[in-house]
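J.: The transmembrane segment annotation in TrEMBL covers 49-68. Under the heading region 'Disordered', TrEMBL lists 77-204. If you look up TrEMBL, you'll see 484-513 marked as disulfide bond. Look at TrEMBL and you will find 645 tagged as Ca(2+) binding site.
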């Protein structure tokens, strides 16, 4: 045996040889050579595709950078310009150009509940806006930045802007002012507006009582329902209808008129920061037009703050899909987020009052912005309704079909719910347009004669003149409280040159509406009354059914009292309004804040609060009471302003 060969000695080191002039680079050169080798291995087509994608990405990045840079530059330049609050539009303004015969189409909008009086909200209301795409988010962000810039302009008074709180707007002491965007003429305050601004009238005791009532109502809304649609004062909560701060917007011009500067500025801040219309919610075309669009336009005219006009134009654009129907008669509802409009679920009809009581607002929006489509859409509705069959001596049915464009439910005529403001807007459009549109005047005068012929009766035993209803030739002695708008409308027409017997009828109907309040134990009118037509012992003229004895804090009686006092000077109308205000304080006032509608006007011990304060209590009822108690005929003169059906004053256009 031979011994095993010896093992080689173990080495505890490695040998590395470096070439002269070169150093170790961690394998970078190897990787570079590997990448280049792989690139060369690609086919020519593959290399071209890669290069094209890289070039496309670089181009997209460059365009995105330019867009963002321009946007921030515009925002920065607006902020650097300093305060530029535009002056209020003058009360008397140029008449607009006549709309074209055929309204233009509304590109990009998809073609596709009930009335102001029997109101309902949209089902499954979404308070939170749905997630939109990136474009919507960018637009919302840009809108918030623009609003922030507007807020800075509002608060900055470095250039000596002065804010008037008696009916006219903000006027800088020096420097030229720009007119509203696309407006036809630069606005200038009228001499009347200057007097109202420079010499504000002091408030009398009754006006101060109205201000106190408003503050109490506003305190409840601010504490328990801020930013929501309506206050529920008894339960100290709120209810939503559209989710758009309805009470706040409806009350903007009331606060301005009452001189509530602090409250107005706080509400203005909410509008600037919180009022966004990009949300998936249905709104009623009529109700949202008279309350939101009308409220924003009126706030713009009184304050001169362009924020309200910008919001109004945005909202008006979102309502336009409602007019995309086969007949051009608008649908009752429209989704302001998706742009989809539709009729109520149970019918394809709209109510006549809804489609014919949006004209004042849309016409004024066109005049201010220069965008014709708003005016053209509503005036097309007016033309079509004017030529329809189914009327009875100027009286119109309550429903109209959005597909055929024809009246439905023929033979039923009322001046109450679903038809009332049709007659009101015939007169007010004629006044708004400078008394030049004779078709509107002719329809109004014919309707007044139709009322006299078919609906006017006298009760027993007090011989009260009232307006009933007609159904297929059969008269009903039923009268809605809503009909109490008529005395004021008739008086307004007489003031603007219509026959003097219109004023006589207005005064007779005003007495009736007062008795509808006075003959109730609480001094507040029920929603509906029936009149006695035959003398009966121990029976009053006014009778109320159990289902009709609620009071919703409606404004129609005090609205007409305002017109009658303003145009006749009879103090009794002020005294009647004072009685109604005291009744509101006695039976509708909630100690913790706010006022509540009540269920039983015949039970002063237990009027049964319904736990709801409608937005029109602040937007209409208290506003008309304040104006009623004023002895200044130039405070929102009826020769200068016309009130929409939600009591929002809009200027009368001067003849061209």
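Glycine too: its Cβ is placed from the backbone N, Cα and C atoms.
Can you tell me where each of these features sits in this structure?
T.: Residues 42 of the same chain lie 6+ residues outside the transmembrane segment (49-68) yet bring a C-beta within less than 8 angstroms of a C-beta in it.
Contacts of residue 484 (disulfide bond) defined by a Cβ separation under 8 A and a same-chain sequence distance of 6+ are given as 509, 513, 516, 525, 556, 557, 559, 560, in order along the sequence.
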J.: Tally every other Cβ atom lying within 10 Å of the Cβ atom of residue 645 (Ca(2+) binding site).
T.: 26
